[in-house]
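Visitor: This is the structure, below, for whatever I ask next.
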Amino acid sequence: MPDYRSKTSTHGRNMAGARALWRATGMKDEDFKKPIIAIANSFTQFVPGHVHLKDLGQLVAREIEKAGGVAKEFNTIAVDDGIAMGHDGMLYSLPSREIIADSVEYMVNAHCADAIVCISNCDKITPGMLMAALRLNIPVVFVSGGPMEAGKTKLASHGLDLVDAMVVAADDSCSDEKVAEYERSACPTCGSCSGMFTANSMNCLTEALGLSLPGNGSTLATHADREQLFLRAGRLAVELCQRYYGEGDDSVLPRNIANFKAFENAMTLDIAMGGSTNTILHLLAAAQEAEVPFDLRDIDRLSRKVPQLCKVAPNIQKYHMEDVHRAGGIFSILGELARGGLLHTDVATVHSPSMADAIARWDITQTRDEAVHTFFKAGPAGIPTQTAFSQNTRWPSLDDDRAEGCIRSVEHAYSKEGGLAVLYGNIALDGCVVKTAGVDESIHVFEGRAKIFESQDAAVKGILGDEVKAGDIVIIRYEGPKGGPGMQEMLYPTSYLKSKGLGKQCALLTDGRFSGGTSGLSIGHASPEAAAGGAIGLVQDGDKVLIDIPNRSINLLVSDEELAARRAEQDRKGWKPAAPRARRVSTALKAYALLATSADKGAVRNKALLDG
């Protein structure tokens, strides 16, 4: 059986100095026989999804100690993509994922911790911690801060979120008073933004990967029920330590739980619920850390057979995460997928022997456990707050309507094919991705004229300046991992196209990426990126581009001979933006760009450059 990793610094005469330091943190003689469990928290006052996490690490710590472990908390950084959006701050968002992963590795390995509880929530924090957990491969439990309640206003018949505020702000026909009302109402509580944006998508996927508890992705940040997830996570971490270090059961290690089948399950869920395209980027990165051979071709294969069973904002205004929870949360979607023969149910989770066992217990349409039904009735209170667990509101009933409800059965799916698709063609030889859940069926096949912008800033200026017309395909390039650097999100360009009434009359293609709040014919992650010699860098104004989602293709309608001539000319000039950009790129960002791969590889570091 494996020894505690922590024995490296807690046992032996030569570790007297280390033990002296451990004692200075509060450890006693009896503690040196216990597992040391790291709590990776991500509290910050900069991010609404993390503002309520300050005391939750210690909540978990006390539970770890009651269960027989030693808890040691540390913090990571967290970037708010919404606040960093639309300016050079967004250059730092994706690179922060690598910093978070590294910081968790540094702290856990430097202090020889035996296990981790990861307290995450927003866009890059969950992926960064997931990458670290799979890299370290020691027992881990994820517990997130939970989603925000949807906003409410008398000016709208539906729940509000961040994107609503952005769209009305860019709409010249909206009064200042309406904009102010939306601004004050869109984000009423702590928690990750209320739709199926990147943060909530990733927290849901940790359930499908088997690394978090049921309800992790959908239980509101404000609801009292969420406290139980934190308490259970602390106890479970100690239990996993006992199974691995005490009994030699390596099935509890994250790489044995998050195996190839589990990654397929996670992507299947993502496609079925119309999650953010960013999840593709993050799952590919996590798979590389886990040494799982899961790539874009697997995602393409799954996207052709998995139906869309759930539609949530920004893909539909009617539903937000609180509605997903009322409909039974993630395990109800997984249950429908399992009954459709689309899920691997023999994989283990941190909390159940198999996914089949977990579905039997947690799917509201299958279980008779009244406690489970009560759990999924947890709803919003509609009271602005930054305090976790501050309300105990219940829906009067569950949404178990699988024909017309928030979550559908396979037979009543919103669409036969799921909410994400991978497109290939001469403009993106290694692929690009589109969130089909947010694309109107009338433009699933779209041919248009290329309108070139060498940066997101230029595109925003062009769209707001009415340079973009109906029938245009906006091309935003040199915004990939290397070219940006940092692969900015393009939420402002897509939101402004909507506000200009062009949401169904234009398309957008970029080697950058999109916010989970994006909808419309928005195609990102074009690989190879322009800065790496990708064909997106060869497109010229007025070129015709054909997008064909049903046939999973995207092509520049230019002859091979012409493309070859353009490539030779670009090789001579160098793969850089044609127009200069007023962008200050720091040393930290240059270091990221030096090692970054294109999006089809998850925008992770190119290890070949490190290994020589």
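Glycine residues also receive a Cβ, built from the backbone N, Cα and C atoms like all the rest.
Quick paste from Swiss-Prot:
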ACT_SITE  S515  active site, proton acceptor
BINDING   D81, D123, K124, E489  Mg(2+) binding site
BINDING   C122, C193  [2Fe-2S] cluster binding site
MOD_RES   K124  N6-carboxylysine
Visitor: On a simple 10 Å Cβ count over all chains shown, which one of the binding-site residues D81, E489 is most densely packed?
Guide: E489
Visitor: Run through C122, C193, S515 for me and report the recorded positions whose CA is within 10 Å of the CA of E489 (Mg(2+) binding site), in sequence order.
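Guide: Checking Cα-Cα distances against E489 (Mg(2+) binding site), the recorded positions within 10 Å turn out to be S515.
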Visitor: Show which residues of the chain containing C193 ([2Fe-2S] cluster binding site), separated from it by at least 6 in sequence, have their CB under 8 Å from its CB.
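Guide: Set apart from C193 ([2Fe-2S] cluster binding site) by at least 6 residues yet with Cβ under 8 Å, we have P48, G49, G82, P147, M148, D161, L162, C187, A199, N200, G516, G517.
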Visitor: Should D81 (Mg(2+) binding site) be counted as helix, strand, or coil on the basis of DSSP?
Guide: helix
Visitor: Same-chain residues six or more away whose CB lies under 8 A from the CB of S515 (active site, proton acceptor)?
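Guide: Listed in sequence order: D81, G82, M85, F197, T198, S276, N278, E489, M490, L491.
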Visitor: Can you count the other CB atoms that lie within 10 A of the CB of D123 (Mg(2+) binding site)?
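Guide: For D123 (Mg(2+) binding site), the 10 Å Cβ neighbour count is 34.
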Visitor: For the Mg(2+) site given as D81, D123, K124, E489, which other residues of the same chain have their Cβ within 8 Å of the site's Cβ centre?
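Guide: Filtered neighbour residues, in order: V79, A84, M90, S93, L94, C122, T198, A199, N278, S515.
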